[in-house]
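S.K.: Take a look at the following structure, please.
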Amino acid sequence: MEKAGVMDLVVFLDQTSGTTNYYMLAFLAIPLIVSIVHLLVQYQERGNVVLKIGSRFTLWQTHAAFAVVVSFILTVCLLIVSYVLSGLIVGFDNTWITKDSILYELLGDKQHFSSIVPYVSTGRVLTIVFVNKFLSFLLIFFLALFLKRFIKNIAIILIILLAMSELDRTGMVPFEFFTFFASLSLEDWLHPVHIYYKCFYLFVLCLFLYGITGLLYEKKDFLQ
């Protein structure tokens with residue numbers, strides 16, 4: 001009989017559950033980050049603060065640096081809390097590297113198991129989850145900052161991002177926005193190249209939003 005381990009709760013293999021997958025993004029990360037962005041813009045884009053900073057470019061760099069730092073802190077906190085709580089519930093053993101695991105039970109071809117064991121060690125799994133979640137949080141920050149240039153109402157921004165994440169989950173559109181790439185499934189762990197592709201996609205999209213939102217800030221009239 002398969003045995004649940006700490007990784008089964010940290011990264012549940014159905015891509016939606018688990019403390020670091022879809023539901024965490026939709027019901028915790030997105031509302032929290034949108035609220036932080038709203039407070040950041042309210043504080044940093046006041047007239048006296050803008051005058052003190054001196055330039056639109058510097059203001060945007062300040063926003064971007066803040067997003068990177070907070071994304072890092074949120075990722076570290078998420079992994080620590082997730083790992084510790086999961087470990088207290090089911091124990092800290094990484095059962096993924098054994099044949100008593102849920103991962104092994106879900107494998108279609110059991111002969112494939114020995115080839116994926118090196119990719120699911122505790123250190124490697126936590127590192128992959130850290131990179132994936134950090135880029136995911138950073139992307140949500142940049143998406144919220146981008147939308148904030150056009151939409152002042154925080155509730156509308158939140159609804160848009162939640163709608164995008166729900167469309168990702170249900171597959172109602174022929175392409176994915178971001179939560180598909182920000183969540184890891186059994187198929188990803190069986191084929192690690194999928195994980196690299198997802199992280200690369202998130203990184204490129206972060207760079208794109210960083211650039212395009214920076215251009216919007218260069219044209220922003222703070223006197224309005």
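A Cβ is built for glycine as well, from the same backbone N, Cα and C atoms used for every other residue.
So TrEMBL lists these for the protein:
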- 22-43: transmembrane segment (TRANSMEM)
- 64-85: transmembrane segment (TRANSMEM)
- 125-147: transmembrane segment (TRANSMEM)
- 154-175: transmembrane segment (TRANSMEM)
- 195-217: transmembrane segment (TRANSMEM)
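Are these features on the surface or tucked inside, and what are their neighbours?
M.R.: Cβ atoms under 8 Å from those of the transmembrane segment (125-147) belong to residues 7, 10-11, 20, 25, 29-30, 33-34, 36-37, 41, 63-64, 67-68, 70-72, 74-76, 78-79, 83, 94, 96, 157, 160-161, 178-179, 181-182, 184, 195, 198-199, 202-203, 205-206, 209-210, 212-213, 216 of the same chain, restricted to positions at least 6 beyond its ends.
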S.K.: What parts of the chain pack near the transmembrane segment (22-43), using Cβ distances under 8 Å and only residues at least 6 beyond its ends?
M.R.: 15-16, 49, 63, 66, 70, 74, 78, 136-137, 140-141, 144-145, 148, 154, 157-158, 161-162, 165-166, 168-169, 179, 182-183
